[in-house]
């Protein structure tokens with residue numbers, strides 16, 4: 001999940 | 001999502017819209033570096049590979065589409081539009097931007113958070129974005145007269161990343177484990193590259209004189 005959250009920025 | 005990041009995204013969106021507005025309405029790209037626009041199109045193309053695989057939110061997907069479509073259409077306008085292309089000054093826009101691409105890619109191969117294709121492309125896009133403005137800044141130094149829209153475009157582009165730095169500070173203090181040195185350092189380098197532009201932009205605004213960058 002951490003990686004997924006990591007790219008939540010544009 | 002926090003106010004700094006939203007403000008940053010809106011400022012980034014504004015910079016793209018100002019540029020599209022300039023090119024579309026006055027049919028001119030005078031003072032705009034095609035090389036910076038090509039680098040930005042590459043930044044978005046390599047950063048948003050997860051557009052169709054990871055759904056984060058409607059906002060996230062929508063903004064990614066807007067940035068992708070706008071950056072590629074700006075490149076198309078400057079390269080192929082019969083009127084706009086005439087105002088592109090290729091003799092002045094001579095920064096060898098391909099020399100930026102390879103080092104960023106090699107650096108992404110060496111320094112990244114995870115050695116996967118997507119992660120390396122994402123890291124590459126971060127490093128490339130940090131230096132993407134260089135051809136535009138060099139062009140500004142050469143073309144003495146910087147028109148308002150171009151000045152506003154560069155200012156907004158620098159301001160968006162500055163707001164992102166505030167967003168990273170905010171997230172660092174509010175979210176456990178939110179530590180991303182790669183993003184922070186490349187974002188900081190990117191913002192520092194605008195520092196002297198900001199200084200002269202602010203001076204021209206304060207003294208109400210036309211923006212001039214020292215040769």
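Glycine is treated like the rest: Cβ placed from N, Cα and C.
What TrEMBL says about this one:
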TRANSMEM  B:55-78  transmembrane segment
TRANSMEM  B:98-115  transmembrane segment
TRANSMEM  B:121-140  transmembrane segment
TRANSMEM  B:152-170  transmembrane segment
TRANSMEM  B:182-202  transmembrane segment
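Long-range neighbours of the transmembrane segment (B:55-78) within the same chain, counting only residues 6 or more positions beyond its ends whose Cβ lies under 8 Å from a Cβ of the stretch, are 1, 9, 12-13, 16-17, 19-20, 23-24, 29, 32, 34, 37-38, 40-41, 43-45, 48, 84-85, 88. Here the transmembrane segment (B:182-202) has Cβ contacts under 8 Å with residues 111-113, 123, 126-127, 129-131, 133-134, 137, 140, 151, 154-155, 157-158, 161-162, 164-165, 168, 211-214 of the same chain, all six or more residues outside its ends.
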